[in-house]
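Structure first, commentary second.
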Amino acid sequence: MYGVLLVLHGSKIKEWQDVAIQYANLLRKYFDLVEYGFIEFNQPSITEAAKKLASNGVDTIIVVPLLFAAGTHFKRDIPKQLEEIKGVKIMIAEPIGVDERIAEILKERVEEVLRSSTRS
């Protein structure tokens, strides 16, 4: 059995917690066991979230970073925070990267701004 661990950067701004909850809830439409963890600033940490999945009986944790690029957090910090998780296979998905679907969302945001500016 596997669980999904959504990893977010985190921020001193409280709204990051809300974003994490909303994304985790969206993923729960597709996967039974989903938790979220933050690289820094917010709780739960990546380690805490992984331990919660492990305590629910998963034997594999699929880590999904909500990051755009494979920088230091992806290459160093995420694996380091998962080191103490024993007895569970850890698989880390690639960051979002450059993706046409993201470009579509960005295009929509530009169009929204243009529409709203013509109304003012």
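Positions of Cβ are set from backbone N, Cα and C atoms, glycine also.
Swiss-Prot annotations:
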- His9: active site, proton acceptor (ACT_SITE)
- His9, His73: Co(2+) binding site (BINDING)
- Gln43, Phe68, Ala69, Ala70, Gly71, Thr72, His73: substrate binding site (BINDING)
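Annotated features, which come from Swiss-Prot, shown on the structure.
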residue	record	DSSP class
His9	active site, proton acceptor	coil
Gln43	substrate binding site	coil
Phe68	substrate binding site	coil
His73	Co(2+) binding site	helix
I'm trying to understand the geometry here, so how far is the Cα atom of Phe68 (substrate binding site) from the Cα atom of His9 (active site, proton acceptor), in Å to the nearest whole number?
11
Which number gives the other C-beta atoms within 10 angstroms of the C-beta of Ala70 (substrate binding site), all protein chains shown included?
12
Recorded positions: His9, His73 - member with fewest neighbouring CB atoms within 10 Å:
His9
Cβ-Cβ under 8 Å from Gln43 (substrate binding site), same chain, 6 or more residues apart: which ones?
none
Under 8 Å Cβ-Cβ from Ala69 (substrate binding site), six or more apart in the same chain: what's there?
Pro95, Gly97
Taking the Cβ of Thr72 (substrate binding site) as reference, which residues of that chain separated by at least 6 in sequence fall under 8 Å from it?
none
What is the Cβ neighbour count of Phe68 (substrate binding site) at a 10 Å cut-off, with all protein chains included?
13
Under 8 Å Cβ-Cβ from Gly71 (substrate binding site), six or more apart in the same chain: what's there?
none
Largest CA-to-CA spread of substrate binders Gln43, Phe68, Ala69, Ala70, Gly71, Thr72, His73, angstrom:
22
In whole Å, how far is His73 (Co(2+) binding site) from the residue listed as 'active site, proton acceptor' when you measure between their Cα atoms?
8
